[in-house]
Every structure is written in C-alpha cells, then in structure tokens.
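Worksheet for the structure shown next.
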Amino acid sequence: MSRYRIITFDGGGIRGALSANLIKRLNNAFPGLVQSTAFFAGTSTGSFMALGLAYGLKPEDLVHLYSEERAKFIFKNKRVEVFRPKYENDRLRGTLSTVFPDDLRLEDLQRHVLVPSFRVTGKGEHKWQPIFYHNFPDSPFLKEKVIDVALCSSAAPVYFPSYQNHIDGGVIANNPSTAAIAHTIDTKFANQMMGNICLLSLGTGFSSLQITADTTAWGAFDWALSTSPPFPLLNVLFDGGSEADVYYSKQILKDQYFRLNPRLNKPITLDEYKKIPYLISLAQSYNLRPTLTWLHQNWL
C-alpha cells in the first residue's frame, strides 16, 4: 500500500520553538521523515514551519528561526494601549525574509502545502470567509507570495494587525489536521484514498488552562480582555479548536494518525519569548519513544 504522508503544525506563537525542536529530533532519530513527506500543513506560527519544509528548509533552519534572539526582536516593542495591536508586523516580516526570498511564491515550493487563514472581507463576496492557501495543481493561490501567506495566517487578533484583510488562521483551524485530511481526499487536490493517509500532528504544547472566575456575569470586556487567562475568548477559540481537531482526525484516520503535543509546566502566551529556553529544553528531554514506535509501524 502506497503511503501519503502528512505532517501538520499547530499555531501557538513562540511555542513554535517546541515544534521546531521536536521535528528536528524526530528527523534525526527517524532519517528521511521530512524528506518522505508529501504534504505539510501549518497554521499561524505553524505556517512558517510548513512553508519552510515545503520550500526545502531543514529542521535545523526552523530551530534557528525560533531562537530567543529572533523572537525578542519581534516582540520587544510592545504597546500597552488596548485600542491598537500589541505589535506591528514589520519585524515579523523582516524575520521571515531571512529564510524566504521576497519573491518566492507558492508555486515555487517543492512539496504540497496548506495554510489556513480567515479573510474578514470575502474575496469576491460580501461576507467574511475561511481561506485555505495551497499549491495543488490549478490552485488560485499559486502566485501568492510565501511571506504574504505566512503573514495572513499569523495575524493574531490583539497581537498583530490584520494583513491584507486576513486574520490568524487559528480562529478556524489552529490545528490544521482535519483541513489537511479534507484536501488530501478531495478529488480536485491530492485525490488520495483514506487508507493511504498517514498523518503526524505536532502541537505547540498544552497546559491545564482554565477560567477560575465565575463567568456568569461576564460581558464583552471580560471575555476579550480579562487577564486570567489573558484574552480568554481568543485562547478558547485557539485551544478549543485544536483539541476538537484532535478528536476529529483520530476518529477519521484511527491508527494512521498520531498527535505529539507535550504538556507545559504552565501556560505560555504567544509572545513570551523569554520562555523559549524552557521550550527547547522540553523538546530535547521529551520522551519520543511512542512517536518513533508509531513511525516505524505506520510511516514506512
């Protein structure tokens, strides 16, 4: 049976450092993992990794992209006002341009890729809508620049300004696994049989996040701007959607699906770049034996 191999990457801001270091370890322990993958999907920070690997970057390049120094460059100039985004995206664009040529387009990538985003004004329609950027044959997005696609997918509300009328893909698919499965079985795209699919899903770490306050009387301000946890509605959308997608994907693919998502010792927000050394340490010490066992049984 011919395997159609997929790797997906969740959103999670600087927690992408965890995913980048995990995929590096896995690729070293299971040679050919990345090279044998036909299709990468990633949302928000995960789009940087999916686009990078589809372009031909090595996992080591992704680790360098998520260094504390680079993250500090992006996130050090924080606004404290609530009526504008916390950060501009010029520093993020500058960082992405160190790994992606400015004129690189989706059609130039070596492997298939999928990147969710959400357009707040529908393209050609008078409504907002999800956008799934991809480079399958006859895609309407083939001429889109890779850096633009990455910025569209990572424009997290509150944190960054919208980009070309797009906001973070995490509002619809922070974990892009089910979206990747849908594009894989679609006859217009990969046109694969369900039994051929093998999918490795990498998260950005999870913690026991919850709202301890009584939310009965919460209004718009509380849901949007409460500090415990920060921006609760946004976190509910991102984390809740990711966990729901794990259930959907597992039910669809059964043993052909594996989720790798280490537990964090405490919540880490999208911009806490000082936690990158901890994320790297966690990735380096995390037990990968179950993942490698699954790869040997299902990936080959």
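Placed from the backbone N, Cα and C atoms, the Cβ positions cover glycine too.
Taken verbatim from TrEMBL:
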type	residues	note
ACT_SITE	Ser44	active site, nucleophile
ACT_SITE	Asp168	active site, proton acceptor
DOMAIN	7-181	domain 'PNPLA'
MOTIF	11-16	motif 'GXGXXG'
MOTIF	42-46	motif 'GXSXG'
Inset, instruction - Identify, in sequence order, the residues in the chain of the residue listed as 'active site, nucleophile' that are 6 or more apart from it along the sequence and have a CB within less than 8 Å of its CB; answer 'none' if there are none. - result: Asp10, Gly11, Gly12, Gly13, Ser153, Ser154, Ala156, Asp168, Gly169, Gly170, Asn174
Legend entry - Number of helical, extended and coil residues in the motif 'GXSXG' (42-46), per DSSP: 2 helix, 1 strand, 2 coil
Inset, instruction - Mind tallying the motif 'GXGXXG' (11-16) by DSSP state, helix then strand then coil? - result: 4 helix, 0 strand, 2 coil
Inset, instruction - Tell me the Cβ neighbour count for the residue listed as 'active site, proton acceptor', meaning other Cβ atoms within 10 Å of its Cβ, over all protein chains shown. - result: 31
